[in-house]
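Asks: There's a structure below that I have some questions on.
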Amino acid sequence: MSEAYFDCTTSWTIVASEDCRQGSGQIQVFLMHKEQLSYLGEQKVSLLHVSLFIKRWIRSRSVSRCWHRHHSLCCNLCITYPKGSENLFYELSSINNRLSIANQISFHPLPSQRESSSTVKMESRSRSMNKLINSIVWPLLLLFLIHGSHCFYLPGVAPEDFQKGDPLKVKVNKLTSIKTQLPYSYYSLPFCPPGKIVDSTENLGEVLRGDRIENSPYVFKMHEPQMCSVLCRITLDAKTAKQFKEKIGDEYRVNMILDNLPLVVPIRRSDQDSSVVYQLGYHVGLKGQYAGSKEEKYFIHNHLSFTVKYHRDSQTDSSRIVGFEVKPYSIRHEYEGTWNEKTRLTTCDPHNKRTVVNSNTPQEVEANNEIIFTYDVEYQESDVKWASRWDAYLLMNDNQIHWFSIVNSLMIVLFLSGMVAMIMLRTLYRDISRYNELETQEEAQEETGWKLVHGDVFRPPSNSELLCVYVGTGVQFLGMVLVTMIFAVFGFLSPSNRGGLMTAMLLLWVFMGIFAGYASARLYKMFKGAEWKKIAFRTACMFPGIVFAIFFVLNALIWGQKSSGAVPFGTMFALVLLWFGISVPLVFVGGYVGFKKPAIEDPVKTNKIPRQIPEQAWYMNPTFSVLIGGILPFGAVFIELFFILTSIWLNQFYYIFGFLFLVFIILLITCAEITIVLCYFQLCSEDYLWWWRSYLTSGSSALYLFLYATFYFFTKLEITKLVSGLLYFGYMLIASYAFFVLTGTIGFYACFWFTRLIYSSVKID
């Protein structure tokens, strides 16, 4: 017996019979779909040659058939076949077009001529069932136990193989500017249009980001370089010239996509290692002055030199795209005679090997000027594999800064942990021991410290319903952020899936509504509340309503600027439908379940008459202590916050979710610990109004976040337009509000647990 090892490049599963005889066999090809088998054909063949042919056929297929096209499992298997088979050949191509999903191929020995037809049928059925079981069970075992990790692709991101001459679809995306933060569709400028503009299907996150992906007139064919291909010729009028000048002045960039890779401009650094960094998209044009003139002119990039990088598979001779780069040039094209489709340019002629290598004679943007758009296409083989093609986009050269951020945050946590440990293990232990050893009435009357307020510490606070609403909303937000982080860390929210992060966050927010309703109803019942439906409705509508109102105003401003970033009415309706159709009912379901649970019992009884709070020291003033409490949580995250703001407002990728997840865990610990420390000091000063202060103490870090965002606006951004400034501060206000709800809820629950723990540990008559 011999074995032939097959790589996982197709959804075929091949199983050989153990009792195959030497010589010819019988092949049976089945089409598997929804647990039904349909017989396609059989023919006497040589097992050896069938195996060799299938091996060659598998290698010629695209890997994307495994997941992207058929959504079927694939795995590595071995084919066993006898030596010395006859030289027969079975042509599988005749049935290739009839197979649409995973196929099961089984080899069976020919039945003996002495066997009766009934025996043949019975054995054939028995063998078919055995082969069916083997072909389903063993591939699955092999998939999960041996080579499963090498065969897994997320739906929609499977690689696509290209042969020479295959067309490559170049798509155009929005025009972006870090100066205005207002995206526009590509064809809002009079660029060369295709015969028919076709919009690509976009997910919810892409629409909210302002992406508008459309087809383009660029014609690429794999492994077929092009030189000075003429795209179109236009003549500017006063209106179009003004449009180009405005976009060039605002430093707008053109974004394109090829095989789901964004177009980048490589820029070599001037430092010692001369490393290459990539900027997303190329500028529409540039501003400059002619030599000897002080008048500023506008020039357009009308010649694009594209470089398509590919990785070749030596076995299949197919290629996968791993890079899409461009070098833009501005050149005033010239030609002889009158313009027609066959006119040859004198400034860029592939026949004379004359190409564009600089912008020494730039194309000026003025009314009545003629502009000819051209492009080159070059193909470069790369050692970068398809699975690593995003590394260049996501390469972070400042990992040391992120590690510094982690170390800085850990030092804060260690400092707070030491304080909490000292309070819990020393001070509290001493207090509890002393309180439990009090014997005489006189000693009991001389109680001091936090035990003195045991009869008031669990008294419901003022505006308790509002506190329940905010706590429930914080639980909803915490669940959304935590699950999103976990998915991002495991790579499910890759930048290759544009809009995936925002879509996931919105959907998780909607479905986490059930936890919001549960948390708010449980707390509301502890406060002796009875109208749980009112609390559930306020929980479902308050935070989303405020955010939606701000978002609606900002969207109206964007719409007034005729930007593609304005959310269409259909998408707005979909958001409202998600809110009231899914989130609100889930909040009510959670509220119903939470209110049906037994009420949380207080560890000590509450006095009927509230105790008077003594005059507090200046450093225990509520405003001062709240503002102090927010500094350390903000200090634990502000370095990472810089990179997040940079990725959002300077149009860069952020994909270091491992660092971010560590910082997020540190934030949770910091918020909990600082709230516990300040809550203990507050109770020791006989101030029992801790409910709202615990929420505001850690929640005040949102104030510092907004102040830092203001500092970032004036020091890092070049936004000058009023609308763009309003957009920035509007969105940062929403982010700060969400951060307040998240951190406030963490601090509240930490203090809630702490107070219940210490007051349940002392003997109180």
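Any Cβ shown, glycine's included, is placed from N, Cα and C.
Per TrEMBL, the features are:
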- 132-155: transmembrane segment (TRANSMEM)
- 403-425: transmembrane segment (TRANSMEM)
- 467-493: transmembrane segment (TRANSMEM)
- 499-519: transmembrane segment (TRANSMEM)
- 540-560: transmembrane segment (TRANSMEM)
- 572-595: transmembrane segment (TRANSMEM)
- 626-650: transmembrane segment (TRANSMEM)
- 656-683: transmembrane segment (TRANSMEM)
- 695-714: transmembrane segment (TRANSMEM)
- 726-754: transmembrane segment (TRANSMEM)
Asks: Quickly jot the same-chain residues contacting the transmembrane segment (403-425) by Cβ under 8 Å, restricted to those at least six beyond its ends, or write none.
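Replies: Cβ under 8 Å, 6 or more out: 632, 635-637, 639-640, 659, 662-663, 666-667, 669-670, 673-674, 676-677, 680.
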Asks: Please work out which recorded stretch in 467-493, 626-650, 656-683, 726-754 has the most C-beta pairs separated by under 8 angstroms from the transmembrane segment (540-560)?
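Replies: Out of the listed stretches, 726-754 contacts the transmembrane segment (540-560) most.
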Asks: By a Cβ-Cβ criterion of under 8 Å, what residues six or more beyond either terminus of the transmembrane segment (572-595) are in contact with it?
Replies: 204, 472, 506-507, 509-511, 513-522, 524-525, 532-533, 535-537, 539-541, 544, 548, 552, 555
Asks: Go through 499-519, 656-683, 695-714 and flag the stretch with the largest number of C-beta pairs under 8 Å relative to the transmembrane segment (626-650).
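Replies: Answer is 695-714, with the largest number of Cβ pairs below 8 Å.
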Asks: Cβ under 8 Å to the transmembrane segment (656-683), counting only same-chain residues 6 or more beyond its ends: which ones?
Replies: 396, 402, 405-406, 409-410, 412-413, 416-417, 419-420, 423, 427-428, 449-450, 453, 457, 481-482, 485-486, 488-489, 493, 620, 625, 628-629, 632-633, 636-637, 640, 643-644, 690, 693-694, 697-698, 701, 743, 746-751, 754-755
Asks: Most CB pairs under 8 Å with the transmembrane segment (499-519): which of 467-493, 695-714, 726-754?
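Replies: Top-ranked stretch among 467-493, 695-714, 726-754: 467-493.
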Asks: Cβ under 8 Å to the transmembrane segment (695-714), counting only same-chain residues 6 or more beyond its ends: which ones?
Replies: 467, 470-471, 625-627, 629-631, 633-634, 638, 641-642, 645, 649, 671-672, 674-675, 678-679, 725, 728-729, 732-733, 735-737, 739-741, 743-748, 750
